[in-house]
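Let me begin by presenting the structure, written as structure tokens, before commenting on it.
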Amino acid sequence: ADVESYDVSQLSSDALQQVEADSYWCMAKLLDGIQDNYTFAQPGIQKKVHMLKELIQRIDAPLHNHLKKHSIEYLQFSFRWMNNLLMRELPLACTIRLWDTYLVSTFPS
């Protein structure tokens, strides 16, 4: 079913309560993992931007050199990505899939 048009009123009361509980604990787990994104100086976001820069240097040196040549700092274009977990950049269906990945990747194998 399409996530944007799904009618939750079709769910049973028990199923709805289970979904609500699962949603709560998933959000709690997600927020625990990104808490340092929203504290003074935002060290979590700073760390992620630095990791992005290192990754681009390693896997796409021409892109990194182009950004450097034009004095473009990674923070200038990626801060919003990290701050909003790409929610404002992608359609809802993609965002839901991406958040599933965020949540699954936080659990040990």
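Glycine residues also receive a Cβ, built from the backbone N, Cα and C atoms like all the rest.
According to TrEMBL, the domain 'Rab-GAP TBC' annotation covers 1-106. Note on the domain 'Rab-GAP TBC' (1-106): DSSP counts are 79 helix, 0 strand, 27 coil.
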Averaged pLDDT score, the domain 'Rab-GAP TBC' (1-106): 91
